[in-house]
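Copied over from TrEMBL, here are the features:
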- 20-38: transmembrane segment (TRANSMEM)
- 59-87: transmembrane segment (TRANSMEM)
- 99-125: transmembrane segment (TRANSMEM)
- 137-155: transmembrane segment (TRANSMEM)
- 161-181: transmembrane segment (TRANSMEM)
- 193-213: transmembrane segment (TRANSMEM)
């Protein structure tokens, strides 16, 4: 996440190789976040509290995110929409209403970081989780949907940016797939508050650095 944001903000100052490496490393973040959101939803005792926590830090993060990347929702908004769609999947019995709700959430996410792919990946993780290698299948679907256009771009215009984006969806997604496949389902050290605080803090730090550099 931080690596990808550094590449986005300071790409014009970085050597081409560094930019490609940062993008490639950044590609592992969202799939892991999406997978852990599903795990969090599965194990939480209070979905409303979970949603309020996401909403609070999404609001805190939005100002520095918008200063850096414009008027789109940050990734915590994407995760919040995904959480809402997981809840809708489980708690709206009417099929038509459930489909409309999911379609509305996916449409809304087009205004956020990761666009419509974000909640689709979350829903795929959720529905394929119980199948053998379901998580790897999710990553394959997402990787092909995003990686093939990136490959076409890299072939027709082999710049540091296009190669970085290709690395994002190949090397980054590949590493994320390995990490997710080796997740043992057990809760690790309680790091959630660190992550929630780190996300807006690193955005603010990047904006301050950008401002000081006059970019």
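Any Cβ shown, glycine's included, is placed from N, Cα and C.
161-181 is the stretch from 59-87, 99-125, 161-181, 193-213 with the greatest number of Cβ pairs below 8 Å to the transmembrane segment (20-38). If you look at the transmembrane segment (161-181), the same-chain residues 6 or more away from its ends with a CB under 8 A from one of its CBs are 4, 7, 11, 16, 19-29, 31-32, 35, 133, 135-136, 139, 142-143, 146-147, 150-151, 153-154.
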